[in-house]
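To start, the structure under review is shown below, and the notes come after it.
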């Protein structure tokens with residue numbers, strides 16, 4: 001689908017469709033008022049007859065409106081004007097895209113960017129419209145033999161900005177929005193892949209393809225089990241030893257700043273391509289969804305794709321920690337004591353708390369990069385789902401400024417996160433009689449004690465942890481990966497690169 005921006009009055013648009021908003025109760029937006037005036041009150045007369053109230057989700061498609069060059073006008077209900085917020089704006093865009101796609105409008109000029117969203121500028125409105133449009137049109141049909149597509153799908157969308165001075169900002173918004181949307185799509189595609197296809201080797205192949213596509217400044221290295229053994233990554237290796245699939249750690253290095261002083265930001269993604277729970281096996285109900293336990297790695301891959309596409313002037317390293325947790329004669333057991341790469345020992349009390357055992361060695365490994373900051377992304381705990389539900393990602397950090405940056409980026413992007421504490425009192429729950437620590441701390445504060453566990457391996461750099469167990473995928477009829485938190489991390493890196501969208 002093609003996107004562009006222009007600045008012009010509605011009566012001069014010669015398009016298949018013009019899209020404008022209507023507020024409750026039957027109040028036309030400024031552009032809709034212009035069209036009504038041009039058409040000698042044709043639109044307002046329809047509203048007076050009760051054709052459209054302006055409630056959220058309502059639509060009215062008009063054909064051959066008098067004195068209007070475009071074939072059709074699509075009126076979209078936007079609710080009460082004062083109540084229009086970021087969430088409702090995205091819902092309006094989503095409804096617009098679905099309606100245009102379903103009614104055979106192959107191109108449209110969208111004036112919804114005129115809507116006032118408190119605290120948001122035209123860059124934000126255009127970018128969010130692009131991201132929302134791509135999200136709305138996404139379908140996971142790679143493995144379907146019959147792919148259903150509309151007969152006349154939406155091909156082109158033009159966003160109108162109020163002045164010519166804002167065209168540059170609008171074009172940048174489209175560029176950023178498309179790159180972020182492509183990163184989200186890549187993360188979703190990986191997340192939705194079945195575990196018999198998407199194993200650690202598949203993740204590695206995707207990482208190598210990324211380097212091939214952006215060979216100018218992207219390098220990928222894949223570290224296998226023998227190298228991990230030599231590095232002392234015994235905790236990581238233990239998790240995968242029950243599987244027939246080799247554990248592989250893919251390291252994607254993007255260099256956008258050649259300065260010797262430019263330290264990288266490191267993103268670490270948990271990549272459990274299937275988590276059966278191991279010997280502490282999970283219930284069979286819903287176990288198919290454990291293919292999503294690699295959504296952290298999928299998100300990191302999506303972000304690295306966005307960074308390379310936009311050629312951001314910063315250095316970023318993405319690590320995809322690929323592994324599979326299976327029961328078997330060689331599987332690790334409850335009661336085992338593992339020696340991590342850091343030298344610290346861990347008593348395994350539950351083999352289903354495996355993500356932290358993989359991440360702890362990766363967090364030690366990335367010390368060699370002397371990072372500016374490290375952010376790990378993981379579907380880590382069911383406790384985070386209990387605490388925050390499926391709407392907000394859990395955030396923990398050992399560095400307040402980094403946490404504040406991530407929270408700000410989450411608010412900017414709409415991919416929200418909430419900070420949880422990392423107090424020393426929680427560390428006591430990880431005590432073990434037989435090792436330096438246990439791999440679980442009991443049910444109370446389970447998301448926090450998991451973060452506390454990871455914090456013991458991050459003392460040499462600024463670090464944040466994103467627990468996406470509640471936000472990485474949806475269940476039920478809308479089942480599928482969400483691509484979160486690609487948008488959050490993309491905004492964080494755009495801010496670091498100086499593109500905060502506040503021009």
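Cβ atoms here come from the backbone N, Cα and C positions, even for glycine.
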Original post:
Hey, Swiss-Prot has Mn(2+) 1 bound by 352, 354. Any idea which of 275, 288, 424 it lists too?
Top reply: 275
Subject >> Of the candidates 261, 293, 336, the one that Swiss-Prot places in the Mn(2+) 2 site of 270, 275, 354 >> reply: 293
**OP:** Have a look at the recorded positions (270, 282, 356) and report the one with the fewest Cβ neighbours inside 10 Å.
**Re:** 282
**OP:** Measuring Cα to Cα, tell me the gap between residue 270 (Mn(2+) 2 binding site) and residue 356 (active site) in whole angstrom.
**Re:** 9
Original post:
Near residue 275 (Mn(2+) 2 binding site), which residues of its chain come within a Cβ-Cβ distance under 8 Å, counting only those 6 or more away in sequence?
Top reply: 282, 290, 293, 324, 325, 352, 354, 355
Original post:
Where does residue 293 (Mn(2+) 2 binding site) sit in the DSSP three-state scheme?
Top reply: helix
Original post:
If the Mn(2+) 2 site is taken as the center of the Cβ atoms of 270, 275, 293, 354, which further residues of that chain fall within 8 Å of it by their Cβ?
Top reply: 239, 272, 290, 294, 323, 325, 355, 358, 378, 379
Original post:
Within 8 Å of the Cβ centroid of the Mn(2+) 1 site residues 275, 352, 354, which other residues of the same chain have their Cβ?
Top reply: 239, 272, 276, 277, 278, 280, 282, 290, 293, 325, 351, 353, 355
Original post:
Least buried of the binding-site residues 293, 352, 354, going by other Cβ atoms within 10 Å?
Top reply: 352
